[in-house]
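Straight from TrEMBL, the features:
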type	residues	note
TRANSMEM	A:6-33	transmembrane segment
TRANSMEM	A:45-62	transmembrane segment
TRANSMEM	A:68-90	transmembrane segment
TRANSMEM	A:102-122	transmembrane segment
TRANSMEM	A:142-164	transmembrane segment
TRANSMEM	A:193-215	transmembrane segment
TRANSMEM	A:227-254	transmembrane segment
TRANSMEM	A:261-282	transmembrane segment
Amino acid sequence: MAFGPYFLLATLEGLVTASILALTALGLSLVFGVMRVVNVAHGEFFMLGAVLAWAVSTAFAGHPAIGFSAALLVAPLVVGGAAFLSERLVLRRLDYNPEATIVATIGMLYIIQQLALTFYGADARPVQAPFNVRIQLPWFGYSGYKLFVIAAAIIVMLGTWLLLTRTKIGLIMRATQYDRETAQAFGIPVDRVYGGVFALGAMLAAVAAVLVVPTQQAHYLMGRDPLLLSFIVVIIGGLGSLRGTLVAALIVGLSDGIISVFFSPTLAKMLATALVALVLVFRPQGLFGVRTR
Amino acid sequence: MSEILTVDGIDAYYGEVQVLRGLDLTLQKGEVLCLLGRNGAGKTTTLKAIMGLVAVRAGSISKDGATISKLAAHEVPRTGIAYVPQGRRLFAEMSVEENLEIGLMTRRKGQATKNRVLDLFPLLRSRLNQRSGTLSGGEQQMLAMARALCLEPDILLLDEPTEGLMPSMIARIRETVVGLREAGVSTILVEQRVDAVLAIADRVAFIENGQNRETLSVDELRQNPEHLRRYVGVN
């Protein structure tokens, strides 16, 4: 193939990566931005979403779309419930102390991982895509499902943006993010907001995982890479900034897709890491982050 | 006048550092009580303790006879106490309207309240969509007071509302406090400007080392100005 088709293919693959990354990182960013909690277990909520997607989709006979739709509904709800429970039982009792919550979420990481190993097993298992359509582009055919992933991620991001900017819940979340103490002084139950935000963050990771498993396989160790890449995105984009998360996910995802195709995947990772270092040195709050109290 | 707020021998800490040491205070219905004292005396901590933002480890705070010091911080505003913190603490990234919406969070019929508050501060009506962080210092103070008044409080806690403002704006803030007193709102005011205190306060409590050393009426203070030198360091 000539340069043009290669570039288009790399861009599409990069957009798929960016879409999944944007959803996963948005969850991490919300939790970090609103609660000041570094959720090291975030990747495990992603993994849990994927494993549950396999479990739910295989429980349904018939057309794969039925099982996939059920997984898209059930997995985020179960993961959100588990996250809410762990927030109430662990993080709240630690009074959201930044250092203690890092240690606690490392513990949660291992507990979730080992539970998955125990009950799901060490095998990587495929989840069938809800449909199998190839879209014919000028130079090659491309997976219709992957284009669906991009569209679905855009819709979820848009929904999250509307939630944050157009609803009372979003107003409460932003007030808590900017100034916890003042929010309390105006009747906002900050600890309940924290419980909801932690669940929402985990649910976004689970949605990303359900979307990605038809193109990868569900495995109990699959949470590591999304966690690392999400941290990169959150640091570059800025804590709690939806716009920053989206832009950073596009930078990381597209550079990963394009540089991997034309040069090497290692170089793509090196450049992303170098960008993180530059942001930390010259703009610690991230490209679109705001300084908070 | 009867007591609307009673602070009874409270101890409060920041971490392990004790800031308030058995502090007593009473606020009468419809009065302006001013807290005076040097920096670090415990004035701001007193307001935060009333709001539940600083844990009270001993003593109690009650409003209209009901204990509020056991309430969670977010429950205190629902008892009718509003707080304008030092430095305004606006949500700077949010619009003026969104800041007011935060103030209306505990109200069911918010629109009527918002209209009443905007009638008090008409300038804000034309700035509803402006990001609050871009307002001038005086406008920000107006918004901070407007946001607090959205709670329709019967007690207002004001922490240095005239800090860093130009004289015309200080006069505007004073007028507002006096107007609120006439409307029956009781106010605790932390203020460094003695002229402002003498102009609008009914009584003055001198806070020193986390305790209320003395409470005087403004008339008594005028007759005994040496208190200002002793507790505040001004003549």
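Cβ atoms here come from the backbone N, Cα and C positions, even for glycine.
TrEMBL labels come from automatic prediction, so no person has curated them.
Where the transmembrane segment (A:68-90) meets the stretches A:6-33, A:45-62, A:193-215, A:227-254, A:261-282, the count of C-beta pairs under 8 angstroms peaks at A:193-215.
Proximity of the transmembrane segment (A:227-254) to the transmembrane segment (A:6-33) is established through 3 or more Cβ-Cβ distances under 8 Å for residue pairs spaced 6 or more apart.
Sequence-distant neighbours of the transmembrane segment (A:193-215) (same chain, 6+ residues past either end, Cβ-Cβ under 8 Å): 16, 19-21, 23-24, 26-28, 30-31, 34-35, 37, 39, 42-43, 45-50, 52-54, 68, 71-72, 75-84, 86-88, 91-92, 96, 126-130, 143, 145-146, 149, 152-153, 156, 160, 169, 172-173, 176, 183, 222, 226. For the transmembrane segment (A:6-33), the partner stretch with the most Cβ pairs below 8 Å, chosen from A:45-62, A:102-122, A:261-282, is A:261-282. Here the transmembrane segment (A:45-62) has long-range neighbours at 24, 27, 68, 70-72, 74-76, 78-79, 82-83, 112-113, 116, 120, 125-128, 201-202, 205-210, 212-213, 216, 218-223, 226-227, meaning same-chain residues at least 6 beyond its ends whose C-beta is under 8 angstroms from one of its own.
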